[in-house]
Every structure is written in structure tokens, then in C-alpha cells.
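Report on the structure given below.
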């Protein structure tokens, strides 16, 4: 005579439904077992009774009180940190406009998935571990599994989207960034969630209806179609190993591209310093004259430097020898020198900008110098090579074209009666804007045709050169800022990817081992591995804070409740500025 408990026992005091059994074998007990009620060591506090299906109704699942306290405390802290951290991410995105970038939209989606895991998955799985059985019924079990797997797979899909976004942003900055809008980011995020839902939710919720029966035993909770190790192995390959492989390859490409751009920027800065030194006009003695030989030597130096860098430079050389009446006119030679340098500087800036946009075409820069007597337009336009220069023969008076195909000679009269033979090397400059010379000369015969530029004075050419160097420095600064942003984004991606691999790998390794040896891994290891996957949701907000200063300062502001103080300080500052303005207004009126 023995006793077995009803399956619907209370958690603390079970409702005992006694039945008398005439033999020990009827109860599944070994022979010789005393089948007297008093022979059982019944603990009313623990309620250790076995149901016919073999499940245990012990609310502590065979754990001691201290074990339960430790498990509940540790998992509770992790769940709380996960919830708070991801709520901080969502609220920070809401309150700080600086965080509303396309890249952070993906992080926002990832934070939503992590928040679901922290609120639902962690707590239910902890209850399952402590009680050592599922006590909430089949429907709650299937809903929990569906939410858990959809949110976890959405995290993986979001990481994939972030990796591809970073990769295309760095490798295709011109074409991809034009299409990289918040609307497109929302579409990508929506697709990640829809794909995750379609892959897991219907199969988990309705598989028992597809096959006609439910094979999950009472008191247990797992996905029915994953009961076969081979199916579990296949899902592990598709849900973890393939995404991790793709993300690792993409991150490696991102790292190599970032390193290459860093070297290019260093070379650009070095060439910029060298060009600035070479382009500086050094007066020699009492004259600033410069012969065509010196200009050709300078061009050869620049062409040699061109071979060692990725930035391609095209230079123009204009020189002339002053006539006997103009030997004392010091500014003529300096005009030639500075005109050469100004055009060269413009080409430098155009070439560096070409590297910035990552295009094979030449960026267009036009610098218009409106001078008292004339205006000069220097254009750097799209030309695939420097051999396509076409200059009208009527304007430049082409001489000896067959023998010297790389030089064009022309003569142009100016109002003081002097003439300047000009020699032009092959240029990537298409002279298409007529020079306005109405105030200065009688060269009206060139109306409607392209013409060569007039020589600039020393002061004017210096201004043009300074402007070109400033443009170059601005381009370099923009490239540096863009590179810094890309590095920060790559650091955030690397931290998230590393955390994902560390936390998800142990469980998926056990899945592979279980395919060949289903009894080699203890249940405790399974629980730890599964919980470690949840910890990834705890670590992600920490990665954002460590790698992004804006996130870090916003987190601090929210945790210290400084939002209202910041608004008040801003309002007080605006009020002070308004008072100062009103005080100064009467004084200025006087």
C-alpha cells in the first residue's frame, strides 16, 4: 500500500489523493519496499511527491534554500541590469537628438530585442531552473519559447544589418550613403523582425497541430520539432554559425578598409605639407624671376612624388621670359610663378576631394577671382586624362604642334603693348569660360571662344594659392572627421560582435556535441550555456556606453536626473543672452 500524489499538487502543501496499492510492483517500486504510508519520509515544507509521469512537485526543484537564494539573486540582478540598460538606450535615443542617426536606429532595434529578453525570457527561464519543471501550462510554454526565439533571432539579424551597414558605408561611401536614410533603415529593421517571426513563431506555436499530437511531456518546456539532434544541429548552423562567419568576414573587411584610409589620410597630410612648402614664393635677391627650367624641375619633382601616393596630381606650367623693356618689371615673372602655383594648388585640392568621395571622376572646383581690371577663372573639370586638352588655334597660335605635342604656344597682346610667349604643358584643364577683359584691353576678337587666362599679379596669385591651400586643409579635415566617425562606429561594432561571439559560442558548441553524444553534457551546463546567451542582452548597452561618448554622457545625465537641470541651464543662458542684447541695443542706438 503506497501513495502517489495528484499532478495538480499545491506548491507548498500538496493535495494528497491516496490510493491503496496491494503490491510494490504496482507502484513501480523495487521488491521489498515497505508499502506503508508511515514508511515514507514526508516533508510538508518541501512537498516531495512523485506523480505518475515522473515529475517532481518540489517547488525548489531539489535545490537547497541557499542555492535558490543565490540563483534568484544573481539572475534577478542580471535581469534588472538588462532592463535598465536597454531602457536607458531607448530613452537616450528619444531625448538626445545627436543620437538620432541611421546607425543608432539599428542599435535601438537591438535594444528593443534585448529588453524583451530581459523582461520575459530571463525571468521565466530562472523560474524553470529553480522549480526544475514547467508549471505554467502548455500555452504559456509555447508563447515563451516563441517570444524568446524571435527576440534572440532578431538580435542576430540586427547585428547582421549593422555589419552590412558599416561595410557598405566604408567601402561604398558615395553610392550607399546617398540611399542611407532613416526610412530605409526602418525598412531593414522591419524585415529583420518579420523574418525572425516567420522563421520561429508559426513552427513553435503550431507544430503540434501539423504533426497531429504534442510530444512534449507535462512539466517540461522545449520546442517540439527540435527534439531530434540533427534538426537542432541544422538550426544552430543557420542561426549562429553562418551569421557569425558572415559578420566576422565583414568586420575584417571593414578593419582593412579603415586601415587603408588611415594610411591615405596620413599620406594626404604629408603631401599637403610638402606642397605648401614647395608652393611658397621665395624672393631671391632683388628679383623674383623664375625660369622655365626651374618650373620644369618643380613639375618633375611633383610627378615623382605622384608615383608614391594614391592622390594623383596634374600641374600646369606657364612661364615666359620678359622682353628688354620689361626686365625691370619685377612682377611679370612672379605672375608666371604664382599663376603656376595657384593652378597646381587647385588641382591638388580637386584630387584630394576625389579621394574623399571615392569616385573615379574629377571633382569640379571653380575659383573666381574678381580683380579690379579683369576676372580670372581657373577650372578643374572632369577629364579622364591630361591628353584631352583642346585649345583653339586662333586663340593660342599653336606653333610646332607636330614636333612638340605636349606644348602649346600662344601670344596675346595686352593694353601696355607687351607680349608674353606662354608655353603650356599638357593640362587637365578645359578652358571654357571666356575671360572678361572689357575694361583692360583690345582683345575683343576672342568673343565667343575659349581663351587662355591672363597672368595674375603677385598679390592675386598669392591669394588664390592661400585659398587653394585652405580648401585643401578643409578637405583633409573633413576626411579626418569622417574617418574618426567610421572608427568609432567600427569600435562599437567590434565590441558588440565580440560580446555576441563570447556569450553565444558555449551553448552552440554544446549543441554540436549533443548531436554525437546526447548524454555527455550535464543539465547544469545546458542551463548555464542558455543563460549565457541571455547575458549578451545585458552586455550590449555596456558596449554602447564604452564605445560612444554621446551614449555615455546621456546615460549619466539620465541616471543622475539631470535632464531638467540641463534644460534650466539652457533656458537661463538664453535669458542672460537676451538681457545682454537688450542692454547693448540702446547703447548702439546712441
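Quick reminder: no glycine exception, Cβ is built from N, Cα and C everywhere.
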Among ranges 261-267, 268-274, 275-281, whichever one Swiss-Prot labels motif 'Basolateral sorting signal': 275-281
Out of 323-357, 358-392, 393-427, which range is noted as region 'Disordered' by Swiss-Prot? 323-357
Selected residue, Swiss-Prot feature N-linked glycosylation site, from candidates 15, 444: 15
Checking feature assignment: transmembrane segment per Swiss-Prot, candidates 105-130, 287-312. Which range matches? 105-130
Distal contacts, the transmembrane segment (105-130) - CB-CB under 8 A, six or more residues away: 60-61, 63, 68, 71-72, 75-76, 78-79, 82-83, 85-87, 89-90, 93, 136, 144, 147-148, 151-152, 154-155, 158-159, 161-162, 165, 182, 185-186, 188-189, 192-193, 221, 492, 496, 527, 530-531, 534, 536-538, 540-541, 544
Considering only the recorded stretches 68-91, 143-164, 185-206, 230-252, 527-546, state which has the highest number of Cβ pairs under 8 Å to the transmembrane segment (492-514). 527-546
Provide the number of Cβ atoms within 10 Å of the Cβ of residue 221 (disulfide bond), excluding the reference atom itself. 20
Ranked by the number of other Cβ atoms within 10 Å of their own Cβ, which of the disulfide-bonded residues 141, 517, 520 ranks first? 141
